[in-house]
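S.K.: Sharing the record's features from TrEMBL:
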{"type": "COMPBIAS", "residues": "59-70", "note": "compositional bias 'Basic and acidic residues'"}
{"type": "COMPBIAS", "residues": "543-554", "note": "compositional bias 'Basic residues'"}
{"type": "COMPBIAS", "residues": "558-572", "note": "compositional bias 'Polar residues'"}
{"type": "DOMAIN", "residues": "430-534", "note": "domain 'Cyclic nucleotide-binding'"}
{"type": "REGION", "residues": "43-75", "note": "region 'Disordered'"}
{"type": "REGION", "residues": "542-580", "note": "region 'Disordered'"}
{"type": "TRANSMEM", "residues": "119-137", "note": "transmembrane segment"}
{"type": "TRANSMEM", "residues": "157-177", "note": "transmembrane segment"}
{"type": "TRANSMEM", "residues": "259-279", "note": "transmembrane segment"}
{"type": "TRANSMEM", "residues": "330-347", "note": "transmembrane segment"}
Amino acid sequence: MSESNQTLNLSEGRPLSAASVGSVVIQDRLNDLVKLFKGRTERQKDRLVDPDESEEESPSEKKDEAPPAEKEEEEEEPVFQFELLGHPVKFYAPTNLPPLRSWLRSILEYRFPSSIDPFTDLIYVLWLFLVVAAWNWNVWLIPVRWAFPYQTPENIHLWLLADYTCDLIYVLDILVFQPRLQFVRGGDIVCDKKDMRENYMSTERFKMDVISLFPMEIFYYFTGVNSLLRFPRLLKYSAFFEFNDRIEAVMKKAYIYRVIRTSTYLLYSLHINACLFYWGSDYEGLGSTKWVYNGKGFAYIRCYYFAVKTLITIGGLPDPTTVFEICFQLINYFVGVFAFSIMIGQMRDVVGAATAGENYYRACMDSTVKYMNSYKIPKEVQNRIKTWYDYTWKSQGMLDEQELLVQLPAKMRLDIAVDVNYAIVSKVALFQGCDRQMVFDMLTRLKSVVYLPGDFVCKKGEIGREMYIIKQGEVQVVGGPDLQTVFVTIRAGSVFGEISLLAGGGGNRRTANVKAHGFANLFILDKKDLAEILVHYPESQKLLRKKSRPRTKPSLKPEQNQEQGKSQTSTKTRPKLNLK
């Protein structure tokens with residue numbers, strides 16, 4: 001509203017109405033908009049005439065906005081600051097850094113677990129590898145540094161650096177990892193920090209770990225750097241045996257590691273003997289006799305060669321001359337015979353355990369061949385039986401899976417059966433909609449059988465006592481005068497023979513001939529086992545009978561069955577078969 005109008009209205013002594021006030025405000029706003037558009041049009045004309053002319057904003061465009069206040073620069077707080085010679089020194093956090101890679105971010109964000117499962121945690125196995133590496137440094141290098149002149153004043157700092165690095169790994173194992181290991185108490189897995197720490201401190205392993213770090217290095221002040229003073233570090237042997245157990249548990253072929261470990265025992269015994277031989281040669285005097293080491297060439301390799309010929313009793317060594325040499329050689333011979341016989345026995349056990357399954361397969365096959373030869377079984381039958389042995393062993397790695405599973409408790413057998421066979425059985429249309437627990441119970445009763453090409457799985461007229469689920473391969477429904485006409489090919493994941501199990505009365509005879517097209521691996525479920533399962537699942541039993549009912553035909557007399565079979569074989573159209 002303009003000031004003139006306000007003055008006029010006040011002089012007259014009467015207030016404006018609401019409608020009058022609204023119309024005046026709208027009119028003033030429209031006038032302002034017209035002025036803005038006119039000013040903007042004039043500026044655009046000026047730009048076209050002289051583009052370089054600078055333009056100033058009109059007061060109307062600013063819309064009564066106050067000039068922006070100058071923003072004060074916000075000072076970052078320094079991460080670290082101190083005074084140097086009276087002047088403040090500040091360090092700020094770096095900005096505009098490139099983004100971290102995903103693997104580096106995962107490492108930085110990793111949080112050490114409060115409890116560790118020693119049987120399944122891969123991080124603990126990796127840590128055990130470091131501990132065993134530190135332990136092996138002491139086991140192998142302490143005798144070498146004591147006997148051979150490889151530790152010199154020039155390189156002593158490198159030896160000490162490696163020693164104290166191994167000691168640091170020992171300390172971290174005692175303070176960080178071992179007190180966090182879960183344990184079982186009364187059947188419960190204990191994860192409490194205090195209980196885990198107290199459990200570790202109450203074990204024999206804790207005592208040996210503490211003794212292994214006894215600081216005998218203080219005697220370096222009197223004897224110099226003598227590696228024999230680090231002998232207590234060898235007492236942490238429990239980590240080595242635990243690492244062996246964990247590695248064997250995670251490896252698919254654990255016997256490979258056992259062979260390597262047993263071979264390492266033999267190499268270490270030769271290693272110790274080489275160190276003792278150099279020490280004895282140095283005691284007698286290098287090159288003083290023909291028996292001792294003469295000091296030429298690479299000392300460790302030559303002494304190791306002597307140890308190999310001594311412990312394995314190869315012979316061809318110079319005869320000892322002094323009493324010390326004779327005694328040393330006698331002890332070598334006795335220890336060599338004893339140690340080498342132990343190594344041979346261990347290697348035989350390891351190899352025997354690795355080939356136990358194959359030896360069992362060979363023994364079974366040899367016994368079967370001997371039996372067939374004694375009864376003069378035809379060669380054709382013998383060849384098929386040998387083929388079955390060979391294919392079953394190569395495909396399954398064993399002759400009978402039940403022999404392996406029978407050793408496990410029922411819960412473990414169920415877990416294995418679900419992981420191995422549930423994916424196949426769950427796709428069978430017959431069992432879809434049944435109680436899931438009923439399917440689980442059925443999985444533990446299935447038996448795997450391999451059929452050779454051309455083998456008849458079932459024949460027409462036989463009493464049906466089993467149903468079949470195709471695990472691998474194909475089977476064919478055949479007929480005709482010579483049983484060579486193929487009616488249907490049934491592939492993996494299908495089921496047949498179920499009507500014989502579910503039908504009551506006398507409808508349990510097979511109605512077709514089924515033979516394997518190639519090598520076929522089938523699951524067999526016995527009728528007795530299925531009946532024992534369905535007793536506990538009446539709803540599933542009703543569903544199975546309902547599904548099998550449309551497949552069955554009305555019972556016919558034998559004569560009618562024969563006539564119907566003749567008519568079906570004479571027609572060119574494929575008959576609709578009901579497999580029992």
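Count begins at 1; order follows the chain as displayed.
Including glycine, each Cβ sits where the backbone N, Cα and C put it.
No curator has checked TrEMBL annotations; they are predicted automatically.
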S.K.: Residue list, the transmembrane segment (330-347) vs rest of chain: Cβ under 8 Å, 6 or more residues beyond ends.
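M.R.: Same-chain residues near the transmembrane segment (330-347) but 6 or more away: 259, 262-263, 265-266, 269, 273, 310-313.
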S.K.: Given a Cβ distance threshold of under 8 angstroms, which distant residues of the chain, six or more beyond its ends, lie next to the transmembrane segment (259-279)?
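M.R.: Non-local partners: 139-140, 143-144, 146-148, 244, 293, 299-300, 303-304, 306-308, 310-311, 328, 332, 335-336, 339-340, 343, 346-347, 350-351, 354.
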S.K.: Do you know the mean pLDDT across the domain 'Cyclic nucleotide-binding' (430-534)?
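M.R.: Summing pLDDT over the domain 'Cyclic nucleotide-binding' (430-534) and dividing by its length gives 84.
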S.K.: What does the DSSP secondary structure composition of the domain 'Cyclic nucleotide-binding' (430-534) look like, as residue counts for helix, strand and coil?
M.R.: 23 helix, 41 strand, 41 coil
